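The transmembrane segment feature in TrEMBL is assigned to B:12-35, B:82-102, B:122-143, B:164-183, B:195-214, B:244-270, B:282-306, B:318-340, B:352-371.
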Amino acid sequence: MDNPLTPRSNDLGLTAAAKANTPIESQEAKTFAKQLQGFWVTFKTIFKKPNTVQYPEEREPTAERFHGRHQLNRYDDGLEKCIGCELCAWACPADAILVEGETNTDDERYSPGERYGKVYQINYLRCVFCGLCIEACPTRALTMTNEYELADESRAKLIFEKEDLLAPLKSGMLQPPHPMVPGTTHIDYYRGDITGGSNG
Amino acid sequence: MTNAEIIATDPGWITLVKGLLIFVVCVLATLMSVWGERRLVARMQQRMGPNRVGPFGLIQALADGVKLALKEDLIPKAADRIVFVIAPIISATTCFMAFAVIPLSGPVNLFGQETVMQMTDIPVGVLYIFAIASIGVYGIVLAGWSSGSTYPLLGGLRSSAQVISYEIAMGLSLVAVFIYAGSMSTAEIVSAQDQWWFCVTLFPSFVIFAISMVGETNRAPFDLAEAEGELVGGFHTEYSSLKFALFFLAEYVNIVAVSALATTLFLGGYRALPGLGFTESWLGGWFTVIWFLAKVVFFFFIFVWLRGTLPRLRYDQFMKFGWKVLIPFSLIWILIVSTLRVLSQQGAPRSVLIGFSFGIVLLVLAGSSLFESSKKRRAQEDELGEVAVPSFPVPAIPGKINKNRTEQLNG
């Protein structure tokens with residue numbers, strides 16, 4: 001096998017395992033010259049380019065699906081996707097999420113449908129970034145960004161509130177509370193038929 | 001004029017200036033070597049090393065020193081207070097003293113005074129260095145003992161045992177040098193190397209010295225005294241602040257000191273490389289200092305290279321290597337060297353010398369082949385022989401059903 005990390009190779013890594021389990025025949029290196037090879041390795045490495053990334057000045061992008069800070073998404077007209085169902089909080093193995101739902105009214109509507117998340121907190125002192133909350137979310141309201149710079153100087157600052165987590169308003173979006181697009185129901189929202197704020 | 005005669009004419013203030021210069025050079029060398037080691041070892045591991053403080057991170061060591069000095073100075077309750085304070089001072093002062101007898105340059109002009117960069121030249125200079133190094137061990141032992149704690153005690157004992165055993169091999173490796181140079185004075189050993197450096201003519205001695213100087217300075221791969229995984233920090237576990245800084249300083253000054261000693265004894269000291277002798281008069285003789293420093297840096301590079309390459313030895317292997325390999329080997333080597341020396345001094349013909357050397361080589365070959373065959377036989381016996389089952393429960397050997405074990409498990 002050329003790359004031991006290749007997943008789903010033909011023999012499921014059995015040859016490598018067998019090779020690792022065969023008894024070592026001789027504890028001694030075969031020759032003195034072989035022992036000296038190590039010195040050549042370190043000497044050669046001096047002239048290689050270091051792998052170091054000079055972090056604060058240089059940044060390298062994370063992996064595409066890196067689990068970073070969470071984000072609460074919006075529909076294209078600005079209404080929140082979160083329906084306050086608490087499934088994310090129930091899914092969380094670290095008990096890092098607190099959700100309190102509230103009923104939408106026609107005067108004060110934050111999300112299409114019946115309910116919205118009034119309180120939404122994620123405690124980044126507890127969060128293990130496993131992503132189970134994202135799997136649990138029925139409306140894709142909760143996703144993860146690639147942002148990883150989450151250090152701060154107090155515990156309180158690391159409990160992110162709803163306004164810290166909400167996705168920023170893009171052009172065409174309106175700050176909730178506002179009514180749904182006229183002539184649509186929450187079903188249209190869930191289907192993804194809403195393509196922009198039009199109710200001014 | 002020999003160095004001793006030149007130094008004898010020095011007025012007192014020149015000696016003071018030289019002492020100050022050597023001290024400053026040592027401290028600067030420590031700062032630079034800490035930085036250099038970290039950078040170099042980092043490059044060997046494809047990292048960058050310290051590059052934040054100052055250009056290329058050059059003053060990192062200074063910043064660390066300042067940080068250490070500002071730290072809280074703790075003395076544990078169980079510690080013997082007086083000895084605890086004295087121990088780092090012993091370590092840090094003795095390590096500087098070796099430099100008093102090491103010639104850093106040939107004849108130079110210092111503030112209008114014709115002199116050499118050597119504090120003093122005593123007829124037993126190398127023995128003096130050894131004596132000082134042995135006193136330095138007290139710093140380590142006392143630090144370990146006075147901390148009133150287990151790990152420092154173990155570390156201190158380990159490192160004193162190590163330093164003492166490797167000092168024997170080191171001392172023995174130097175006997176050949178003394179025989180050939182006809183003197184124990186460092187300056188005369190250097191001038192005895194004007195034709196051939198001793199690292200060529202006395203190559204086995206050089207190898208033994210090079211190995212034992214790593215053991216002597218408690219450096220990787222022989223850094224058992226401060227084996228992080230086993231002993232936390234070894235003898236300086238309980239030390240903090242400036243006292244710790246003193247041990248740190250002592251370690252690096254010691255490295256520079258043994259490198260300087262190796263340079264003096266085996267690499268021709270301040271003398272230029274063969275064929276570049278004309279450079280010795282450059283800058284009014286001061287260029288010899290550059291030669292000296294270059295050789296010291298070479299040894300320092302070897303130290304770092306070893307650290308970057310080799311894993312730490314196990315303690316028993318290390319002691320076995322010192323007592324059962326290095327010491328007997330150097331004893332035999334001394335016998336050979338002194339026989340050759342006596343033969344040549346008494347005017348034995350060349351054929352006798354060559355015959356003697358040839359005989360030695362034959363003996364070594366015969367001995368090694370005997371050793372190999374006995375090792376093979378032992379290995380065969382091991383394969384045939386059944387391993388006795390001990391009376392106590394042992395984990396099963398893979399591929400072998402341990403009957404005794406199953407019986408034990410089943411009651």
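Cβ coordinates are placed from backbone N, Cα and C, and glycine is handled just like the others.
Worth saying up front: this structure is predicted, and the values here are computed from it rather than measured.
The stretches the transmembrane segment (B:244-270) and the transmembrane segment (B:12-35) are in mutual contact, each linked to the other by at least three Cβ pairs under 8 Å (pairs 6 or more apart in sequence).
Same-chain residues lying 6+ beyond the ends of the transmembrane segment (B:164-183) with a Cβ under 8 Å from its Cβ atoms: 123, 126, 130, 133-134, 137, 189, 192-193, 198, 201-202, 204-206, 208-209, 211-213, 215-216, 222, 265-266, 319, 322-323, 326-327, 330-331, 333-334, 337-338, 341. Here the transmembrane segment (B:122-143) does not touch the transmembrane segment (B:195-214). Their Cβ atoms form fewer than 3 pairs under 8 Å, with each pair 6 or more residues apart.
Same-chain residues lying 6 or more positions outside the transmembrane segment (B:318-340) and placing a CB less than 8 Å from one of its CB atoms are 161-162, 165-166, 168-169, 172-173, 175-176, 179-180, 202, 204-205, 208, 211-212, 215, 222, 224, 353, 356-357, 360.
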